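Participant: So that we are looking at the same thing, I have put the structure below in structure tokens.
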Amino acid sequence: SLWGTPRLPCSPGWQGATKRLLVRSVSGASNHQPNSNTGRYRDTVLLPQTSFPMKLLGRQQPDKELEIQQKCGFSELYSWQRERKVKTEFCLHDGPPYANGDPHVGHALNKILKDIANRFHMMSGSKVHFVPGWDCHGLPIEIKVLSELGREAQNLSAMEIREKARSFAKAAIEKQKSAFIRWGIMADWNNCYYTFDGKYEAKQLRTFYQMYDKGLVYRSYKPVFWSPSSRTALAEAELEYNPEHVSRSIYVKFPLLKPSPKLASLIDGSSPVSFLVWTTQPWTIPANEAVCYMPESKYAVVKCSKSGDLYVLAADKVETVASTLETAFETISTFSGVDLENGTCSHPLIPDKASPLLPANHVTMAKGTGLVHTAPAHGMEDYGVASQHNLPMDCLVDEDGVFTDVAGPELQNKAVLEEGTDVVIKMLQTAKNLLKEEKLVHSYPYDWRTKKPVVIRASKQWFINIADIKIAAKELLKKVKFIPGSALNGMVEMMDRRPYWCISRQRVWGVPIPVFHHKTKDEYLINSQTIEHIVKLVEQHGSDVWWTLPPEQLLPKEVLSEVGGPDALEYVPGQDILDIWFDSGTSWSHVLPGPDQRADLYLEGKDQLGGWFQSSLLTSVATRKKAPYKTVIVHGFTLGEKGEKMSKSLGNVIHPDVVVNGGQDQSKEPPYGADVLRWWVADSNVFTEVAIGPSVLNAARDDISKLRNTLRFLLGNVADFNPETDSIPVNDMYVIDQYMLHLLQDLANKITELYKQYDFGKVVRLLRTFYTRELSHFYFSIIKDRLYCEKENDPRRRSCQTALVEILDVIVRSFAPILPHLAEEVFQHIPYIKEPKSVFRTGWISTSSIWKKPGLEEAVESVCAMRDSFLGSIPGKNAAEYKVIIVIEPGLLFEIIEMLQSEETSSTSQLNELMMASESTLLAQEPRELTADVIELKGKFLINLEGGDIREESSYKVIVMPTTKEKCPRCWKYTAESSDTLCPRCAEVVSGK
């Protein structure tokens with residue numbers, strides 16, 4: 001038959017070209033198609049029939065989505081897929097969003113990414129495990145509650161604060177949950193996890209004790225980040241750095257008290273000698289216990305031209321410091337840092353107090369003088385030096401960030417970051433040990449919630465020793481896949497910077513650290529019996545019991561008697577709660593299924609590299625020596641569409657509810673619906689920062705609008721088609737239809753692979769290219785005549801309908817995980833599915849290996865090259881008003897083109913359909929006589945078959961001339977003998993009706 005299998009001149013099983021066809025739009029020439037107003041033949045033309053709307057305007061989009069959710073069983077889908085008898089399981093563990101405030105676009109980005117992954121895996125045949133959760137405890141909620149209560153908050157008991165915090169968290173959870181459901185997120189909504197749930201808290205306490213029992217949890221007096229504004233210790237993950245913070249940096253003299261032997265030999269004693277120190281935290285000077293140097297570095301004794309005094313500082317810093325102090329230094333001598341050993345200097349505020357000179361590796365030459373002031377209670381490295389050399393670690397600052405009485409009467413009760421700093425600087429001036437003060441703008445840690453600066457102060461806290469855990473964790477991370485790969489290094493670097501993990505907080509809204517403290521001695525009590533008792537109470541009644549039950553019920557005699565313990569009345573429950581990163585970091589133990597308790601995927605924002613990803617890893621490695629995840633995906637943050645941070649002051653905050661349902665002024669903030677939000681997420685490069693704004697959302701809506709048009713064409717043109725009875729066998733289809741199935745299989749394979757790699761952006765780009773270029777601009781424009789003007793049951797028409805059915809199926813399944821509402825809407829309009837189920841209950845894309853015909857690329861691409869030459873020669877004109885003669889020298893190309901047209905001249909051949917002309921003539925040699933008005937176009941085409949084994953370049957000529965035929969009043973092609981008679985094809989179709 002004319003549309004049969006290509007008769008290619010080589011052995012069966014040949015492989016065609018590996019290059020991809022660059023299909024070009026045919027819009028370069030006018031291509032008129034019949035429409036519903038084709039006069040007396042109107043009723044004989046088979047125009048598309050579908051009730052699927054081209055556009056949903058205004059409220060129609062969000063309303064249609066809600067209708068689809070109801071009609072297609074969105075709420076039952078999760079339980080349906082869990083009940084399937086399938087072998088493979090896919091577990092995505094939901095990192096709990098914080099139960100504080102309204103849903104925002106960051107939530108949308110995160111939840112929609114997870115849902116796309118889950119829906120793909122479910123359609124691909126896996127049983128998806130996805131239990132949403134919320135992080136419910138912690139300082140941000142407590143502070144919010146207290147600030148709303150104002151003065152009333154001062155008189156509240158711990159339990160009153162907890163009750164109000166719980167109510168606040170519950171309200172936020174309900175708001176967020178309803179938004180997530182509205183966005184089409186498929187999840188186990190009936191069994192969410194909450195970190196304030198008693199069963200969750202009990203599991204968390206068991207994990208805590210497992211780590212304690214292994215010697216990983218300990219109580220110690222150490223410097224920690226402390227927030228005076230929140231009156232609690234903070235972990236690194238609870239800090240945010242303010243790059244605009246202004247500190248008062250000072251250069252201070254520490255007078256020499258006792259020189260080391262080497263230094264003694266370099267000075268003559270005629271001038272006073274001081275060690276020069278620079279610090280950005282003047283308030284820590286009163287707590288100084290030592291000055292540190294770098295043993296391997298060179299140091300210098302210099303003479304100051306202004307004062308005549310001798311100073312000691314790093315040799316590399318002499319010029320810089322002299323310039324800063326607006327003086328000149330004359331270098332008297334240089335020596336190695338190690339030569340400072342055993343020397344001491346005077347405390348700059350307490351002359352008779354010695355500060356030893358000590359070697360330390362944390363001293364750098366990047367800033368300052370190469371000599372570092374060391375206050376063990378107020379610096380992590382300082383603490384390390386003090387531990388090594390048994391220095392005092394007295395903390396002079398209380399919970400409110402003010403000096404204690406130990407700091408002396410001049411400083412007592414003064415805030416260290418404000419008036420306290422002023423007084424210290426004045427005291428240094430009085431002591432004549434201040435050389436210079438200047439303002440320094442630098443990055444400084446702030447409390448993530450109160451937005452106020454923190455300090456470092458030593459206090460008794462509970463810590464996890466992560467030194468050993470880190471080694472095992474880093475080894476295990478080598479087996480975890482990170483997307484993008486660079487995220488792994490980021491996580492390891494953050495872990496390396498963390499010396500220990502402070503897990504205690506001095507607040508009440510959280511899980512108590514289950515330890516009892518002796519009333520009079522610095523002793524505490526915790527063992528397996530006390531833990532078992534507390535865990536059972538918490539499991540049944542929640543962690544409120546720690547505050548509501550009397551001590552004798554929390555620590556009953558029978559529990560103590562098991563270990564021969566002391567009287568319970570000597571002990572009281574501790575007042576500290578656990579860090580919320582420990583709360584959420586133990587979620588794997590409560591949520592993950594099966595004995596392995598490992599998730600296939602964790603997917604969160606990049607801030608979780610130092611947060612939840614890390615706390616989950618550390619607790620899991622500590623208790624069971626394995627990572628809780630197999631793959632980790634890290635996405636960026638959301639920004640305004642110009643790449644700026646969103647803020648109320650800039651007026652660029654995008655609220656997802658406004659995106660979905662529209663704002664107050666719907667002309668400015670139209671209702672886009674949830675699918676536009678989902679397309680925006682999928683289309684973004686989520687591995688970097690993600691922009692959102694009106695133009696971005698409009699672009700997403702336009703993409704979906706074009707997709708709807710494509711889908712409407714597909715649905716409308718299969719209205720009279722039943723795949724079971726009307727399909728044409730693939731090998732009997734038109735070449736162009738077979739070719740589209742070949743492209744479709746390639747598309748399906750690529751899209752499936754991209755979903756597996758979680759590269760949803762490439763899925764969108766591939767789909768968009770296919771439905772705009774390959775379908776709308778190319779294939780649809782070619783097949784309209786066959787669809788509209790052939791007989792209803794003509795095999796030529798059924799051939800392209802067979803292709804359209806397969807295209808529709810693949811396209812809908814390809815975008816279903818991204819646009820579930822649109823996918824279901826289309827599924828309801830497919831005419832040959834009488835009782836449509838949900839598209840999500842019918843599996844993933846299915847293609848046939850018989851579609852794979854790479855050799856067809858040579859046939860189609862060669863004709864397209866000729867057609868492009870033809871259309872380019874008649875810009876803006878109707879191609880159907882011209883006839884073409886194609887001249888090809890005998891050989892491979894001629895034989896390939898000949899399979900598209902067996903007659904010499906035809907207006908109905910596959911070749912002419914592709915050329916879109918009035919008629920096409922195929923010749924092996926040029927005609928002898930041509931009229932003067934012809935256009936001659938020359939070209940060459942390289943045939944490449946059998947993976948390059950068969951290569952042949954052929955020349956061709958396309959001769960273009962106006963047709964002598966008239967426009968057929970039915971099909972509008974120029975194939976009729978006169979304008980009032982039908983062309984032969986249409987006459988045959990109409991007479992047969």
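A Cβ is built for glycine as well, from the same backbone N, Cα and C atoms used for every other residue.
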Participant: According to Swiss-Prot, which of these ranges is motif ''HIGH' region': 97-107, 339-349, 790-800, 944-954?
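Facilitator: Residues 97-107 are the ones Swiss-Prot records as motif ''HIGH' region'.
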Participant: Suppose you had to name the range Swiss-Prot annotates as motif ''KMSKS' region'; which of 435-439, 645-649, 975-979 would you pick?
Facilitator: 645-649
Participant: Taking the Cβ of K175 (N6-succinyllysine) as reference, which residues of that chain separated by at least 6 in sequence fall under 8 Å from it?
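Facilitator: Looking at Cβ-Cβ distances below 8 Å from K175 (N6-succinyllysine), excluding near sequence neighbours, one finds D102, P103.
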Participant: In the structure shown, which of the recorded positions K170, K214, K222, K648 has the fewest other Cβ atoms within 10 Å?
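Facilitator: Comparing Cβ neighbour counts within 10 Å for the recorded positions K170, K214, K222, K648 gives K648.
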Participant: Nearest of the recorded positions to K55 (N6-acetyllysine) by CA-CA distance, picking from K170, K214, K645, K706, K756?
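Facilitator: For K55 (N6-acetyllysine), the closest Cα among K170, K214, K645, K706, K756 is found at K706.
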Participant: K756, K762: which of these modified residues has the sparsest Cβ neighbourhood within 10 Å?
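Facilitator: Counting other Cβ atoms within 10 Å of each of the modified residues K756, K762, the minimum falls on K756.
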Participant: Using C-alpha atoms only, work out the spacing between K222 (N6-succinyllysine) and K460 (N6-succinyllysine) and round it to an integer in Å.
Facilitator: 7
Participant: Can you tell me how far the Cα of K214 (N6-acetyllysine) sits from the Cα of K460 (N6-succinyllysine), in Å?
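Facilitator: Pair distance, Cα basis, whole Å: 21 Å.
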Participant: Could you give the mean pLDDT over the motif ''HIGH' region' (97-107), rounded to a whole number?
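Facilitator: Its mean pLDDT is 92.
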Participant: Find the one among the recorded positions K170, K645, K648 whose C-alpha lies closest to that of K762 (N6-succinyllysine).
Facilitator: K645
Participant: Report the same-chain neighbours of K706 (N6-acetyllysine): residues 6+ apart in sequence with Cβ closer than 8 Å to its Cβ, ordered by sequence.
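Facilitator: For K706 (N6-acetyllysine), the qualifying residues are R768, Y771, T772, S776.
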Participant: Could you tell me how many residues in the motif ''HIGH' region' (97-107) are helical, how many are strand and how many are coil under DSSP?
Facilitator: 3 helix, 1 strand, 7 coil
